[in-house]
Amino acid sequence: MEHKEVVLLLLLFLKSAAPEQSHVVQDCYHGDGQSYRGTYSTTVTGRTCQAWSSMTPHQHNRTTENYPNAGLIMNYCRNPDAVAAPYCYTRDPGVRWEYCNLTQCSDAEGTAVAPPTVTPVPSLEAPSEQAPTEQRPGVQECYHGNGQSYRGTYSTTVTGRTCQAWSSMTPHSHSRTPEYYPNAGLIMNYCRNPDAVAAPYCYTRDPGVRWEYCNLTQCSDAEGTAVAPPTVTPVPSLEAPSEQAPTEQRPGVQECYHGNGQSYRGTYSTTVTGRTCQAWSSMTPHSHSRTPEYYPNAGLIMNYCRNPDAVAAPYCYTRDPGVRWEYCNLTQCSDAEGTAVAPPTVTPVPSLEAPSEQAPTEQRPGVQECYHGNGQSYRGTYSTTVTGRTCQAWSSMTPHSHSRTPEYYPNAGLIMNYCRNPDAVAAPYCYTRDPGVRWEYCNLTQCSDAEGTAVAPPTVTPVPSLEAPSEQAPTEQRPGVQECYHGNGQSYRGTYSTTVTGRTCQAWSSMTPHSHSRTPEYYPNAGLIMNYCRNPDAVAAPYCYTRDPGVRWEYCNLTQCSDAEGTAVAPPTVTPVPSLEAPSEQAPTEQRPGVQECYHGNGQSYRGTYSTTVTGRTCQAWSSMTPHSHSRTPEYYPNAGLIMNYCRNPDAVAAPYCYTRDPGVRWEYCNLTQCSDAEGTAVAPPTVTPVPSLEAPSEQAPTEQRPGVQECYHGNGQSYRGTYSTTVTGRTCQAWSSMTPHSHSRTPEYYPNAGLIMNYCRNPDAVAAPYCYTRDPGVRWEYCNLTQCSDAEGTAVAPPTVTPVPSLEAPSEQAPTEQRPGVQECYHGNGQSYRGTYSTTVTGRTCQAWSSMTPHSHSRTPEYYPNAGLIMNYCRNPDPVAAPYCYTRDPSVRWEYCNLTQCSDAEGTAVAPPTITPIPSLEAPSEQAPTEQRPGVQECYHGNGQSYQGTYFITVTGRTCQAWSSMTPHSHSRTPAYYPNAGLIKNYCRNPDPVAAPWCYTTDPSVRWEYCNLTRCSDAEWTAFVPPNVILAPSLEAFFEQALTEETPGVQDCYYHYGQSYRGTYSTTVTGRTCQAWSSMTPHQHSRTPENYPNAGLTRNYCRNPDAEIRPWCYTMDPSVRWEYCNLTQCLVTESSVLATLTVVPDPSTEASSEEAPTEQSPGVQDCYHGDGQSYRGSFSTTVTGRTCQSWSSMTPHWHQRTTEYYPNGGLTRNYCRNPDAEISPWCYTMDPNVRWEYCNLTQCPVTESSVLATSTAVSEQAPTEQSPTVQDCYHGDGQSYRGSFSTTVTGRTCQSWSSMTPHWHQRTTEYYPNGGLTRNYCRNPDAEIRPWCYTMDPSVRWEYCNLTQCPVMESTLLTTPTVVPVPSTELPSEEAPTENSTGVQDCYRGDGQSYRGTLSTTITGRTCQSWSSMTPHWHRRIPLYYPNAGLTRNYCRNPDAEIRPWCYTMDPSVRWEYCNLTRCPVTESSVLTTPTVAPVPSTEAPSEQAPPEKSPVVQDCYHGDGRSYRGISSTTVTGRTCQSWSSMIPHWHQRTPENYPNAGLTENYCRNPDSGKQPWCYTTDPCVRWEYCNLTQCSETESGVLETPTVVPVPSMEAHSEAAPTEQTPVVRQCYHGNGQSYRGTFSTTVTGRTCQSWSSMTPHRHQRTPENYPNDGLTMNYCRNPDADTGPWCFTMDPSIRWEYCNLTRCSDTEGTVVAPPTVIQVPSLGPPSEQDCMFGNGKGYRGKKATTVTGTPCQEWAAQEPHRHSTFIPGTNKWAGLEKNYCRNPDGDINGPWCYTMNPRKLFDYCDIPLCASSSFDCGKPQVEPKKCPGSIVGGCVAHPHSWPWQVSLRTRFGKHFCGGTLISPEWVLTAAHCLKKSSRPSSYKVILGAHQEVNLESHVQEIEVSRLFLEPTQADIALLKLSRPAVITDKVMPACLPSPDYMVTARTECYITGWGETQGTFGTGLLKEAQLLVIENEVCNHYKYICAEHLARGTDSCQGDSGGPLVCFEKDKYILQGVTSWGLGCARPNKPGVYARVSRFVTWIEGMMRNN
């Protein structure tokens, strides 16, 4: 359907659908529209009109003053000066004015109204303002004559480009505007002919094409005679004449020219070399003077070929910056044509340019391919030199500057880059385009005698050269010079001295630049005079050494003499002196037989001049080493004919070849064919014995014959031995022997029989087809672009037996083994069996190769899906999803379905798709695509369109839909993975949610989503089709993502009453401004959002009236105008449309429309109010909290707009309570500056019939719309329906008002809970708590339940309880309470008690439980905010974090928590089946995080999901270790026992997953490895139908308990990730650009919903890099407010790491600071051990052991063995405060200081070592040496003489924590020093830091703990960093695994003198308990710290770092059984520690 027909149909539809329009608004105009008075204000291109009274952005004189009767109101379309139709100036600065998008009224309308008489004020503007006066006769699709009378609406050029509007200057500035051509009909962008050229044309929207003729045809004769074109007299053009177009008719395209082409007026614009012409009016890229202004009669239009200055032929300047101008590729017309047209007389304006612009004046006699004499008369067009180089244009100075220009040689024919001889040298020549070769002779031959007598060369008198004499060439003829030679040229004695490439010969007697032995002394008879060409050693022809240092020698540019000449002169006898040079100087001896285009045999005898390879590359010269260095030179192969760059075969390979000029391709065979047999028998190839190759064997080429190119292969191609070397994507193959760019093992050494020669396609390891590694670093390998041979060929050759050397590469190198069955263009079923070669998506994108990770990293590779046919980039379905798909080459679109269709039924039954068992996907489920079929295209939808499965993808505004699987340009959660049944295929319109109609996200970044341009199916269709059941994944995206659910009523162009019910799609204001989207905050911030006004229809940017304004309005897109009323009219009020509304007519507000008020009068004074209180006129002035009201007329303390001016009927008297804007009750602003407003303390009057008022349904700022019932003193159900007025909590506290933020800030307001009845401070239950509650007025108690009781449950109450559906809260879940009802008292619990909801609140020792919402006496994080589904109500016993049973914090300050006094319920069948499903917190963001749960079988050898249901008998870990029995405590003590986990199947030692780990695991029987994952795989999807067991997914604990689930190793060091990084649990927190990550639980600077609560299983700890939503790699939000998120600077782990989970290894992470102290010093540098050996002045240091030049005796190595006095290195043996020094080598200066910088600290977090600790369970006594620097906070406390006596812990750069008893020997700080970063106790490493102690602080209550302040801060490195302090009063849970370290007594065990570690368990408080101390050890074994470790650390791992929980204090002996070690409890002293550090 044509565009115009669509427009007409749409207009008809709107006319029939819309109700009768107002008589004010006109949507059509009569005549020329002078009488039009409508309110339309949009132009034909959609631009908004500028107001007539405004001068911005366009100055004009069409104002009401100048045109008082023209109706110039606002920005409405008008016609003040009688042009063709109504128009306006636009708001777009780039477009001055346009006609309006209005149509003429029909005749019936036209006769009814006579346009008024309009007498405009005379125009005060220039005539450029005039517009055309003719009528619009309709649309014409052909034109008469030359089209000047054409007034159609066509706007497309002959090349399909869109026309630019005539009034627009973008992209082309011009003068064909309506102002200058008022009668030319220049409306919009329609094709016109304003200046009488050949046909209608227009300027184009393409910046690169100025104008083109339109794609219109001339009308037929019948049409042509019917209409006489009007007389058009255009206003004289005010533009430069350059705009003038040719005046002749358009007779067709002229492809030839007459004479010299001055009369040519065709449209050709291409030069002889194919370059595009530059426009004559353009100065880019070449500035010139041939412009239309200077040559007005030369027809210089656009970039057409012309001849303005009478040169030889039409020419033009080119678009190529390197070529100024060229002749055009036109031919002269034949004589018949030539006589028919006499060229016009052209008198050009004299040129204003330099004479260099002049072109030659001679005629173009045709192309000559030979020349006469020396070629001075040659005027052909040849432009290639003898070596194949392209000539430089004579007028160009690039790349060679010269003086042979047309200006200096005007008669030499220097046109373009044609070969010429301007200065009478030997033959035509030219400068070359090659910067390395200045000039060469051209590859032309002399004409024969017959030709020579026919043409007498002209007399050429060149202008004297202005160049340096070096440029001069000989001008005389050379009479005595021989220009040819006889035989091989040994007798040649001429004076020629130039080589074939134009180089000058070196003199034979000179050794510069080349040293040689061909001198006159050694060859006295060879005529070696000067630098003349000679042949002293009988090679093929005369040659010489060259003056070019890069080219040693070349043959001379001489030809052999003819036979006639040959008989006249007998060559002399030449006996050369034997050569003294190496044979490399030898040159070939054979004759030059001419040019051959085929070769015999293998081509060794070929002596032709062909120099192009099979791929079209140019050959490198054999004597050149650029770009490839080689040994096939004329010196080494003198008989091989290695002349210039001709194809040769010097070493007997398959065919002639050459090295190429392409640096990326070393060599290739030449594009030559073998000669036929007839030719082959005629010439016997000579015997060639080449000099042995001096190159490495890598240079060798294949030795087999070249039987022709094999372009197909047999079988799988193992026998293929062809020479093809290109992949299916066109990439060049990498040589098999090369390791660049890809290292591999498919080399000739390992596969000797596989034919791995050069880079030819091969199949060494029997994959599907020949392949190769590619030269592209981003693509490792691809199949080759070869096809299988036909059957006939296949039976003829048996592939050879190939036994490759076993592959040395990883299996990832393997390729699929299936055959290629041919090309399929349709697929069966879901396309799993498809094996075709299609590789294009539905949007036309090219597929990414499956084996490539660029641009998208993924796991669908041939390695993981070996049977899925993942060859090259062909469309496949490995998963399976709905249809074949692929990843795309477009970085912004990850994947799309392929543009394939399903095969027909006949085809479908013929092929059964194969059984495909893919390797389980290693990617996130977000990769999955929908599984439904494509049912065909539907162009209408049923109901709300949920069942629509058509293929439409255009929105109502014409935008293209974004693909559902794409996140560009809009990120979203409506993906096929989360809505698998919604049919989200490609970018088709769908309704997954469901909303009102099908919709989609758009590809326009500025418009997020729109409804699709679809209509609802007719009733007949509706009844015929039942939409399918659609089960939607619940949308968890932000509430503003939801669209309206009401039916689309169509387009409304009028509104009823105040427009509150208006749901149309109009979005323009009365001044023509575009509306801002309601959900957008740009450019205006506001609160009228869909979240706050969910029932107001705030969809997109449509006009609405959410708050009872007088009419629909919107915020505008103009930053300077906040809001305006919309350009809508009221609908005619009929009986059916009457609504009961208030009579509210306020004055228009200039601010947000919420400021409006009703107009009713005050009825008197009252103490209660009716309805919502809008009619209240009492004198009450106190709020619900007792605050006094602010006067309405006052702006203090709160500025506002509720004044009598804006609300004259609102009764705003004094400070009385009022309700001016339809709130839920009267209110006022308060006198309290901290509380803006509150509801008043008034009650509703008793509801009687007379008191019922009709109120508006809209609410301004907030509040629900339901009426308040009477007072209730009990509640039904959970109390959500309670609307009573009770406001006291269970403890008697008064409730806080819901609208108040004092004393507690919250979000339970009427905006977020409009249906929650949140009136005043009444008890309510807005969020489905277990009963009504409220915030309290007590600042110390945030909220409590109300003192209400449940109503008796009777039938009547059950039936009358209203249904209240609260709006979901958009606040953080911190406020949420459990939603389940209390089931009564439970005295037992099931499983681990996570489902327990009883009311017991007593521990096993009888202590009372602390309330979960309280922080007294124990601060904690088990609050409803973080555990919303854990039932954390009051102080009831619960198990929020998967402990072994319910527990609670206690009210006893000395006991942090205990298990509750509950027993486990008996395990019966019913109890197992009724175990509730505990689901995690549903994400309030996009549902992309949710994945479908897998089914679980009962017993199997694979596991489903995370393996919690696995009941198999596997008992081996991934590393082959045997599992420990679950009921055993040896070798690992644990709490995962059958008693504690009765439902987890903990039988024997079988692999299980009792606590929601990643997969089944077990404790191992290896004492050094606590646990590992089991060696199991996930079950395939086909097994997913087995019965599912109850799913218990607890929210993970945010606080460590004793048995943290073993879901990962302690994530201290992990700098790489596996797969896409979803499993990454390292601690890296820096992005690729170096930005720091934002904490996942923080909302600053970026608000988000990727929180630990919403993604409990994704490890969102602190600010560590993670991948919670299956992106391509770990990422994080950044701390940079301007950058929301970035990928992290992490790399993927190696393949070996990706296949198994290896035991923890020691990964040394490079320090981010200095690597050691070698390059810098700590403190005063006393410990400096670097190698600096010069002083600050640069003087060398004297060696410390030397006595010269300075004698010394104090500081020598023998007496200062600890000072490191090595060699002459700078040292500080005496602790000089100025730093290291040395004795100098200057005899006058004894010593000087060295310039050594201080070391800088690196940035490391506390408690996170950069080396993974060993965590060995042995004891220090038993000997477990720690990994060096894995406990970097360990301190060695020493005496000032260096003896170690105690340990300590670094807790900040300046502070060390140790035991107080370590400091009893001395109270002086100078007695002590500390050693940091040491691993050895005695032989200290060079990087250790030695720091003095400056102050001591003992704990004041005599606890065994003390603080040391260091004399300077320690430098934080990867070897020295602090441990973390615990939270104050934190209680370590019993059985927590902790670690002690130290160098203490080891009682003779292994590792003495090295830092040791040991693992201990914290002992229960009942066994060993004191509030100042904790106890820890293995009670049954000898593991303890000994005396030497006093003061050392006891650290426990929590979440992601090590916390210092204890300081080693004392114990009974050393590692005695049942005698635990005692440690000072650090958490008890944290307040004291922090105070000391802060105050000192």
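Even glycines carry a Cβ here, placed using N, Cα and C.
As stated in Swiss-Prot, the feature region 'Disordered' covers range 1476-1497 out of the listed 728-749, 816-837, 1278-1299, 1476-1497. Of the cysteines listed (C1388, C1523, C1551), Swiss-Prot assigns C1388 as the disulfide partner of C1465. Noted from Swiss-Prot: C789 is disulfide-bonded to C712, selected from C712, C875, C886. Matching 573-596, 1173-1196, 1365-1388 against Swiss-Prot, the residues noted as region 'Disordered' span 1365-1388. In the disulfide annotation of Swiss-Prot, C1799 is paired with C1720 out of the candidates C1720, C1741, C1862.
Counting in whole angstrom, C1551 (disulfide bond) lies 66 from C1240 (disulfide bond) by their C-alpha atoms. When other Cβ atoms within 10 Å of the Cβ of C1228 (disulfide bond) are tallied across all protein chains shown, the result is 26. Between the C-alpha atoms of C903 (disulfide bond) and C847 (disulfide bond), the distance comes to 21 Å. Looking at C191, C989, C1054, C1551, C1693, the disulfide-bonded residues in this record, the fewest other C-beta atoms within 10 angstroms of the C-beta turn up around C1693. In this structure the alpha carbons, written CA, of C989 (disulfide bond) and C961 (disulfide bond) are 7 Å apart. Secondary structure of the domain 'Kringle 5' (483-561) per DSSP (helix as H, G, I; strand as E, B; remaining residues coil): 0 helix, 17 strand, 62 coil. Across the structure, C214 (disulfide bond) and C1240 (disulfide bond) place their CA atoms 73 angstrom apart. In this structure the alpha carbons, written CA, of C333 (disulfide bond) and C391 (disulfide bond) are 28 Å apart. C826 (disulfide bond) is 15 Å away from C886 (disulfide bond) when you measure Cα to Cα.
Of all the disulfide-bonded residues given, namely C430, C1000, C1217, C1240, those whose Cα is no farther than the 10 Å limit from the Cα of C1228 (disulfide bond) are C1217, C1240. For the pair C391 (disulfide bond) and C1217 (disulfide bond), the Cα-Cα distance reads 94 Å. Nearest to C1616 (disulfide bond) in space, judged by Cα atoms and limited to the disulfide-bonded residues C430, C1054, C1240, C1574, is C1574. Using Cα positions, the member of the disulfide-bonded residues C430, C1189, C1693 nearest to C961 (disulfide bond) is identified as C1693.
Put simply, of the disulfide-bonded residues C191, C256, C430, C826, C1574, the one whose Cα is nearest the Cα of C1054 (disulfide bond) is C191.
In the predicted model, the domain 'Kringle 4' (369-447) shows an average pLDDT of 91.
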